[in-house]
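> Positions annotated as compositional bias 'Low complexity' by Swiss-Prot: 626-635. What Swiss-Prot records for 675-693 is compositional bias 'Basic and acidic residues'. The feature S-palmitoyl cysteine is assigned by Swiss-Prot to C507, C518, with similarity to another entry given as support. Residues or ranges marked as region 'Disordered' in Swiss-Prot: 610-693. Feature annotation from Swiss-Prot assigns repeat 'ARM 7' to 264-304.
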Amino acid sequence: MGKKIKKEVEPPPKDVFDPLMIESKKAATVVLMLNSPEEEILAKACEAIYKFALKGEENKTTLLELGAVEPLTKLLTHEDKIVRRNATMIFGILASNNDVKKLLRELDVMNSVIAQLAPEEEVVIHEFASLCLANMSAEYTSKVQIFEHGGLEPLIRLLSSPDPDVKKNSMECIYNLVQDFQCRAKLQELNAIPPILDLLKSEYPVIQLLALKTLGVIANDKESRTMLRDNQGLDHLIKILETKELNDLHIEALAVIANCLEDMDTMVQIQQTGGLKKLLSFAENSTIPDIQKNAAKAITKAAYDPENRKLFHEQEVEKCLVALLGSENDGTKIAASQAISAMCENSGSKDFFNNQGIPQLIQLLKSDNEEVREAAALALANLTTCNPANANAAAEADGIDPLINLLSSKRDGAIANAATVLTNMAMQEPLRLNIQNHDIMHAIISPLRSANTVVQSKAALAVTATACDVEARTELRNSGGLEPLVELLRSKNDEVRKHASWAVMVCAGDELTANELCRLGALDILEEVNVSGTRKNKFSEAAYNKLLNNNLSLKYSQTGYLSSSNIINDGFYDYGRINPGTKLLPLKELCLQEPSDLRAVLLINSKSYVSPPSSMEDKSDVGYGRSISSSSSLRRSSKEKNKKNSYHFSAGFGSPIEDKSEPASGRNTVLSKSATKEKGWRKSKGKKEEEKVKEEEEVMVVPKFVGEGSSDKEWCPPSDPDFSMYVYEVTKSILPITNIKEQIEDLAKYVAEKMGGKIPKEKLPDFSWELHISELKFQLKSNVIPIGHVKKGIFYHRALLFKALADRIGIGCSLVRGEYGRAWNEVMLQNDSRKGVIGGLPAPEMYVIDLMFHPGGLMKLRSREADLYRFI
């Protein structure tokens, strides 16, 4: 046997590293291993990091600080399946940390994560990749990245996965994504509704809940509602409601149904299948407040469609809603009130709530919960709009007091709704008086000062409805309510400006309030508003005109027109034309100015400080200088007229300037005779008496202070004894005439005589009225001239005097300012040529009165002779 030779052991290759077993207890060491080229090391390191991250948020932060995220992102695309799986699992856990999410967005790993959703990947990878996406999708930027990288389609596919965790994570991610409109539209393209509906059958409540929430969101879109209907989605939802064991899903199921009911076809379908009745019964009989609340919300959403309201009314939804008002849960009360608000568009529902509903809503106005009070007020606002019966019902239920208390609420919506209800109530006079007795004018001031434009608008409208009588306006004025109302005229909001203008127009109904509004600057603000083509409205123009009607001096200066309803009273003055935006100086300031070259200011003032002459007859009938604005109670019978016809013009009617022209009519003959008689009467007086009268008149012209010597001095405008005499004379002589045309003609002749008589057209340039006016200004030491002092007047002097006297005896006439010193009066008269014609009376016609060339002549408006009179 041969000798055994010992085999030599070959040494290991020099380039091979001997195996090294390492046991590490530091996360930092394991993080370093993530850069290893060995797949086994990478897999074990990832597994260790996964276990470490599962232990809590602090560990996730530690891994982030150690720089583990960036090398892990590279492992998502590793060739080794185990490494890739473990890395994906880590990101599923880490992505719940906000700082990690932020870093992942910066590293743009979304494409790599979505790639893990491929069908060929393991279920575990699907689970953690979808978990990562679910965590990431909670933020908007990540949603965009998921959508842009095509993540929606694989997520929808995974809804059919056999693994419940994959379904849950995918559904959660989809729910987050569909909050964005683009994703919802894409969802319809991908036909995602059938797999989502299938998840409603899942044995896991969390999956069912996520599916319902997702359906609730996508059902906001019409196309999605159609797809739900076509896929029998409502049947699934109704089954859930009918299953008591699924009561934890009822709230979300109702939310989906609420959105679906906005679709008319869906509404019809659910009604035909009996689902609507089940829904109402479910809402009324459920003991869970949130279910009742969501049921009421479903009704509210659906009730915005008129056909849906009709169907609800047929199903007697009103009874259900009234029952829900009695719930102990505030959320249910709010939802029921909102549903009633929506159903109010149906007239039948409105009538039903008259007896049942309004009393309960009034009680809710007293709730401690501000939101409940607001919702109840909204329902009452809709119930009482254009419905006097419901407004009465609210008042009978003692609703006025809580509504006025609600005006001081902290919620703007509650204030606006309460103001609306009060406005609706105030449309009826008995209710308006009741509201006024509850101190509405004081309570509305705070809403008028609100910064909310809706509240401002509704408050101004409430003022419009409640300030319809003097007492209410006085209370508003005394409470300081006019100031915030005037400020609202400056609002940039069209609705606020319109309603504030309307309120100002109503408040300007009495002189004191109108004057206070003007003092606060309402007239100036409205003038500025009306200049703007975009800011003005019909109410601002009407309010401006209403205020001007209480300041006729300003109105005539600005507009050059006074209508027959604009009655000239003492204190009126004609300053002449002023441009828009120019401020008209007050009379006192004008009186205290020195004479100048400016146009004379004509003053109307019949008030006097002396008694009338003892020679005047019938002192008891008409007081000296008394203002008469209406002739309705002063008309004499025709018998009296004939009896007194012999003195149409009594003593003092003559003119200091002789009229040498021949009279043009019989009436002028009477005038001439009367003038001659008066002239003779004047000549019989001695020079001393004339001088004495002149001195007295001059003394009376000087502005006086009442109660001189006392500390309280009141300025008075210059008196005008001549004008006082005119008023007395026309009242005695012209007022008794029963024929309106004769009245106008006689008054025209009277005015002409007092202003220098008839003037032939060719002699008009020689009529030296300017010198006369200048002499008066010098004599009175003022630019303000009482109208009675003017003895040589032209068009605008005579037209003003005619209007002032006509207003005293009830002759309706307008005053129109023309160009170059022209002015004229217009009257409305029946055409005499139609007398005796059978049939209805024709419309009266407008005439211009001749006060210059043929005093008393009447010319049809826009006729050639009238145009020659009005225009140069």
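Counting begins at 1 with the first residue displayed.
Every residue gets a Cβ built from N, Cα and C, even glycine.
Worth saying up front: this structure is predicted, and the values here are computed from it rather than measured.
How buried are the listed features, and what sits near them?
Within 10 Å of the C-beta atom of C507 (S-palmitoyl cysteine) sit 28 other C-beta atoms, taking all shown protein chains into account.
Same-chain residues at least 6 positions away in sequence with a Cβ under 8 Å from that of C518 (S-palmitoyl cysteine) are, in sequence order, L547, N550, N551.
Per-residue pLDDT, averaged across the repeat 'ARM 7' (264-304), gives 79.
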> For the repeat 'ARM 7' (264-304), what are the DSSP-based totals of helix, strand and coil residues?
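So the counts come to 34 helix, 0 strand, 7 coil.
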